[in-house]
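Feature list (source: Swiss-Prot):
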TRANSMEM  14-34  transmembrane segment
TRANSMEM  125-145  transmembrane segment
TRANSMEM  338-358  transmembrane segment
TRANSMEM  363-383  transmembrane segment
TRANSMEM  485-505  transmembrane segment
TRANSMEM  539-559  transmembrane segment
TRANSMEM  737-757  transmembrane segment
TRANSMEM  871-891  transmembrane segment
TRANSMEM  897-917  transmembrane segment
TRANSMEM  928-948  transmembrane segment
TRANSMEM  985-1005  transmembrane segment
TRANSMEM  1012-1032  transmembrane segment
Amino acid sequence: MIEWIIRRSVANRFLVMMGALFLSIWGTWTIINTPVDALPDLSDVQVIIKTSYPGQAPQIVENQVTYPLTTTMLSVPGAKTVRGFSQFGDSYVYVIFEDGTDLYWARSRVLEYLNQVQGKLPAGVSSEIGPDATGVGWIFEYALVDRSGKHDLSELRSLQDWFLKFELKTIPNVAEVASVGGVVKQYQIQVNPVKLSQYGISLPEVKQALESSNQEAGGSSVEIAEAEYMVRASGYLQSIDDFNNIVLKTGENGVPVYLRDVARVQTGPEMRRGIAELNGQGEVAGGVVILRSGKNARDVITAVRDKLETLKASLPEGVEIVTTYDRSQLIDRAIDNLSSKLLEEFFVVAIVCALFLWHVRSALVAIISLPLGLCIAFIVMHFQGLNANIMSLGGIAIAVGAMVDAAIVMIENAHKRLEEWDHRHPGEQIDNVTRWKVITDASVEVGPALFISLLIITLSFIPIFTLEGQEGRLFGPLAFTKTYSMAGAAALAIIVIPILMGFWIRGKIPAETSNPLNRVLIKAYHPLLLRVLHWPKTTLLVAALSIFTVVWPLSQVGGEFLPKINEGDLLYMPSTLPGVSPAEAAALLQTTDKLIKSVPEVASVFGKTGKAETATDSAPLEMVETTIQLKPEDQWRPGMTIDKIIDELDRTVRLPGLANLWVPPIRNRIDMLSTGIKSPIGIKVSGTVLSDIDATAQSIEAVAKTVPGVVSVLAERLEGGRYIDIDINREKASRYGMTVGDVQLFVSSAIGGAMVGETVEGVARYPINIRYPQDYRNSPQALKQMPILTPMKQQITLGDVADINVVSGPTMLKTENARPASWIYVDARGRDMVSVVNDIKTAISEKVKLRPGTSVAFSGQFELLEHANKKLKLMVPMTVMIIFILLYLAFRRVDEALLILMSLPFALVGGIWFLYWQGFHMSVATGTGFIALAGVAAEFGVVMLMYLRHAIEAHPELSRKETFTPEGLDEALYHGAVLRVRPKAMTVAVIIAGLLPILWGTGAGSEVMSRIAAPMIGGMITAPLLSLFIIPAAYKLIWLRRHKKSVS
């Protein structure tokens, strides 16, 4: 089949070259128009349900809202995890779906089940699903800063809510624009209970008057003088005077009682659950642009920047928009870095080919296969919908060296056959027809084996394709693009390369020995191979023993899910104890921001504590998220690295009650979405009794702090909140004609504040709140004395119908699959993640006694690593079996297929030692490198075995298979190995040359790519030894055993 393809391609070379030209043009177009991003979209398919229950404590929100929702959503088809978050006034339910679920199908199913549960929710409470985006979609953040001092925080927030937000939402593929920080203007009506009693007016009557005084009505239309006039009755409240003039009742003497007679009306801030601060200089308002799932981040960010630039002219005097986070900077750095690495690889590979072949036109044949293979890869990426990012370009980058292997072997074989023709026809000039025939025959000779070897390299990545979840989404693009590149190289090797050789390999072909580099290689290899063939069993024994040398480096190499990716920005997410007030949270935020900004490498600090106004952010008030933009590296102090900056920040920001955590923004949001844990290592304690969960979590926190390498650990306090419990006495309430519901309505309105509508001021809408003044609700004793006017117009106090006590309780409740849980955040440095987790597990088993009904599970990146390892342990053996079948189909002998397969562990020795020398940990990235190395090593073995078989078949004594001498066998093996050392040395050289720029790279994404390249580079030390020495020695023993009766 392969022979037929090669011969038909040569016969129709004009059509083939036209097709190659078309591919190059089409591929160039796709390269230019392929969407770009920093990382693949790693987010799970999720649907967020947000339910507001204003003024309600977390326990009430959990019991009445979150619990019904989570238990119902567990039945949604395809849902794998349901997480619930109950906090003050809000419920968030995250429904995480299985891989491959269509997002919009998932949203429709969640809506279907949401309709079913709506009747179980409290009256007046309705749920809504969040935008078709995730927390990973936070691609652009900005702050509104007043440089003039003329605009307060409420004006800045109004500017964001009613102007910028709407303008930015018009940009295609912006899912949502979330407001953060500032203060929301609110009309506050502080009712004096004493005056209410004097006038005999109850609080519900005031609410009713407010609601009826803030309406508009239509009166249809009237016809006047042949014209139609539409009738409207305007009644919206638009000023404080409008509020003051609301009539509550009319006295017996006809004198009206106005709202101003019983209440004070003012504007003030709505209760704050999110605060923003910039550079330690004070609070600001801001916004977050959230990308729709699966869309082009850089295009959207460009459109956002352009829109903001046009809106600057419309801003009030002195107001400035300051960019505080821009993901396109990372995208550009990552793409530029890998693009330059690809160009470096192309250049280095070209030099290697020219040096070995000593023939420029022949080198061009090999080199031209690289851009053509790149075009093929991008064309397939275009149809698959893959964007260009660190991982997809990285797949092409690690394939560059192997892509030219087939071309190198074919060119070298053509050189060899043309050289042989010259020896057989001394003094003759080869004609064009004969030259095409020789080149075609040379291609046919090695084509099938090369195609099989490239197919093995391609299939070796099957385990990567089977990865699921976050690791599958991360390494899937790399596996796809590497496969496309290798598949393109395989197709080019049997279709285009023979034709290019026919066109360009002309004139006098330099003999192999005329190249000084080749002479050195042959001279060095010749005596070593003779000794190996003289002592084949000793050679194999030494090789087998060398495999055991990896035991020690393996024991020293730690484990991790992925290396930390330097995104160019940082996210500061300290863990704080619960129960902090908004004022204290704002002060703490400004203090930490000011300390962070004092580090010279920091460009800007945008701090946020609490949540932004979006369903994608469920952060409680005590949760700090500070975005740190770093200056370009050329502006850093000499010798500074990202790790040194983090260490300095950690030393600088040392405040009581804070457990510091410094993480990359995208990486952190991905982890929080996938596992819910914001730190690299997380521990989830689940149970049924909150006090037991809390006690267990705090015990684990104490023992985890003693583990070497742990720099911070903090367990969430489920019982850390402070509650004022109002326990209504039903009997006492009934004596005053009040029900429990009446008292609860009074508590929620007078103390918590009741929302009684909103004002309409152009496009702006501002809430109206009614409650008692602060003096009546600033202590438990004041609450007891709070006046109540009963339905029978009796004056009593709250203490007459209820007992008031101060107790502790949860500030936030978390559940996973409807089971309450407490999360413990662990940050470790100086040790690998797997070792730290194993030590924590040991400490927990020895020192922590679990309460009945509680369970402990490790999460975070460790959970992802375990999931990936479990899948690889299943798929790697299956892939090895597939490779064995391919080898058998190639050689039609079990012993020869086993020879290549059994020798692969030796090729991995160099990779393991090199990994240890570089100080890298075992991870999914290094595992990917080892899988790629195994495929390349198998290719080396196939090519060497092919040369040895050809040499034996061409030997006059061995080809008869009657009798032969061991010397004759050694001579044939010598010709197959030594006289073909050039192509083997070239393949090693081009692979190493292609990988070194990746290993030495320092730009965005280099952390992952260097881990993939390291095992392959180390393996290029032992894999050639496998091909050059072990395969010939083992093949000699196999041949002798197979023909032992013919030995003379």
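Any Cβ shown, glycine's included, is placed from N, Cα and C.
Within its own chain, the transmembrane segment (1012-1032) is flanked in space by residues 394, 398, 478, 525, 528-529, 532-533, 539-540, 543, 899-900, 903-904, 906-915, 917-918, 920, 925-926, 928-930, 932-933, 936-937, 940-941, 943-945, 948, 973, 976-977, 981, 984-985, 988, 991-992, 995-996, 998-999, which lie at least six positions past its ends and keep a Cβ under 8 Å from the stretch. Tertiary proximity for the transmembrane segment (897-917) is limited to same-chain residues at least six positions away from its ends with a CB under 8 Å from its CB atoms, namely 543, 546-547, 549-550, 553-554, 556-557, 880, 883-884, 887-888, 890-891, 926, 929-930, 933-934, 937-938, 940-942, 945, 1014-1023, 1025-1026, 1030-1031, 1034-1035, 1038. Using a Cβ-Cβ cut-off under 8 Å and counting only residues 6 or more beyond its ends in the same chain, the transmembrane segment (928-948) has close neighbours at 398, 402, 405, 409, 446, 449-450, 452-454, 456-461, 463-464, 475, 478-479, 482, 876, 883, 887, 890-891, 896, 899-901, 903-904, 907-908, 911, 972-973, 976-977, 980, 983-984, 987-988, 991, 1011-1016, 1019-1020, 1023-1024, 1026-1028, 1031-1032, 1035. Contact between the transmembrane segment (363-383) and the transmembrane segment (737-757) does not hold: fewer than three of their C-beta pairs are under 8 Å, each pair 6 or more apart in sequence. By the Cβ criterion (under 8 Å, sequence separation of 6 or more), the transmembrane segment (14-34) is not in contact with the transmembrane segment (985-1005), since fewer than 3 such pairs are found. Remote same-chain partners of the transmembrane segment (985-1005), defined as residues 6 or more beyond its termini with a Cβ less than 8 Å from a stretch Cβ, comprise 38, 330, 333-334, 336-338, 340-341, 344-345, 348-349, 351-353, 356-357, 390-391, 394, 397-398, 400-402, 404-405, 408-409, 412, 521, 565-568, 936, 939-940, 943, 1012-1014, 1016-1017, 1020, 1023-1024. Tertiary neighbourhood of the transmembrane segment (125-145): same-chain residues 41-44, 46-53, 64-65, 69, 91, 103-104, 107, 110-111, 114, 118, 156, 159-160, 164, 175-176, 181-182, 276, 278, 284-293, 297, 300-301, 304-305, 308, 319-328, 606, 614-617, 627, 665-666, 669-670, 672-673, selected by CB-CB distance under 8 Å and a gap of 6+ residues from either end.
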